[in-house]
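As written in TrEMBL, here are the features:
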{"type": "ACT_SITE", "residues": "ASP173", "note": "active site, charge relay system"}
{"type": "ACT_SITE", "residues": "HIS206", "note": "active site, charge relay system"}
{"type": "ACT_SITE", "residues": "SER358", "note": "active site, charge relay system"}
{"type": "COMPBIAS", "residues": "24-35", "note": "compositional bias 'Low complexity'"}
{"type": "DOMAIN", "residues": "52-130", "note": "domain 'Inhibitor I9'"}
{"type": "DOMAIN", "residues": "166-393", "note": "domain 'Peptidase S8/S53'"}
{"type": "REGION", "residues": "23-42", "note": "region 'Disordered'"}
{"type": "REGION", "residues": "126-146", "note": "region 'Disordered'"}
{"type": "SIGNAL", "residues": "1-21", "note": "signal peptide"}
Amino acid sequence: MALASALACALLGGLAAGAGALEGGPTPSTPGGPTVDEVRGADAPGAIDGEYIVVLKESGARAAAADELRTTTSVRDLAGSLLSAADAEEADTRRVFASALKGFTLTADRAQARRLAAEPAVAYVEQNRTERGDDTQQDPSWGLDRVDQRDLPLNESYRYAETAAGVTAYVVDSGIRVGHEDFGGRASYGYDFVDDDAEAQDCNGHGTHVAGTVGGETYGMAKKADLVAVRVLNCENRGTTEDVLAGYDWVAAHAVLPAVANVSIGGAATDAKDAAVTGMVEAGVTVAVSAGNDDGDACQQSPARAPDVLTVAASTDTDARWSESNYGDCVDLFAPGADILSAGIDSDTASARKSGTSMATPHVTGAAALYLAGHPEATPEEVTKALRSAATEDRITEAGAESPNTLLYSRF
């Protein structure tokens, strides 16, 4: 204890003598008040409120003393002296480190952490954060397999650092078979505008397939996202503009952020649909829409032509544009859309294969959910920019006139 006390005095006193000569260093929070410094990562994604990591200096004035910090006991004793000097005795030391680095963690309030950061013996203070391992799914659908790598051939795995837990994905479509095992209890009904009731059950299969690619445990990009069914298409996968607009309006009114919406619905270009889908974006929802399956200009459809959404064209497993996919300068990204395996509606374990820009779009929706999991305060504009910037360039053959040659990439 005597050694630790002497060490603390040497560190605190010796470093304090030279601290005042450093420009841009710690400053008093108020004239005559305690000296404070910033906490690194205080507002970063995953920051844990009230928990901090203190890293001690091991160079310069304290190099000679650093050798004495070889045991957890000596570090803990120094931690106590530092907390006292920073007027933070009420803070609770949690763990101490004396091998890979010299430092300790503690529970404290922000003011205490800032005062501690200004202590001469402290290199810096960081906010504690959540961390997540990079999971890998073996033998995924080819679409998942493709978007986590830049080049072919496929490597029969899908790597992901996030699961999008805490992100809500609204599927504006034919409903969802919410009891399907691939959704793991995370799928729920929003509203059914076809039958005008609260049970948005899927009797076509299109919406369930889309939802599976967005957030299924086996088939999905974002494996822990909450899925909400907003039914606007009937059992024949058809609907009315009125019902579609009602679905968009419902999402804008009820969205729980952070949120994404998948709109794998095409049709004639109308100002009302463009305005309504833009309204979802203005409500804070990142919206991905299908480019359409007419082998034509996506700018001739709504909401594909709307400026503030992510418009998605379809690619094949050879990185060619799927033959029926729309194209053009209204397209933002290509994503896998041919022969996609996902959840089916025949039973709670059923699967189905479908093709189209409707199948490409949920890959992008899921990727947007993954981005929001790590950046929950991001705006739709910021999410869109991130996905465009991360995209793999110049891989799509026969992309179509004026199409951006950009393929979805999920490893941000």
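Cβ from N, Cα, C; glycine included.
Overlay of TrEMBL feature records on the structure.
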residue	record	Cβ neighbours (10 Å)
ASP173	active site, charge relay system	29
HIS206	active site, charge relay system	22
SER358	active site, charge relay system	29
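Mean pLDDT for the domain 'Inhibitor I9' (52-130) in the predicted structure: 82. Here the Cα atom of SER358 (active site, charge relay system) is found 8 Å from that of HIS206 (active site, charge relay system). Taking the Cα atom of each, ASP173 (active site, charge relay system) and HIS206 (active site, charge relay system) are about 7 angstrom apart. Residues in the domain 'Inhibitor I9' (52-130) partition by DSSP class (helix H, G, I; strand E, B; coil) as 29 helix, 24 strand, 26 coil.
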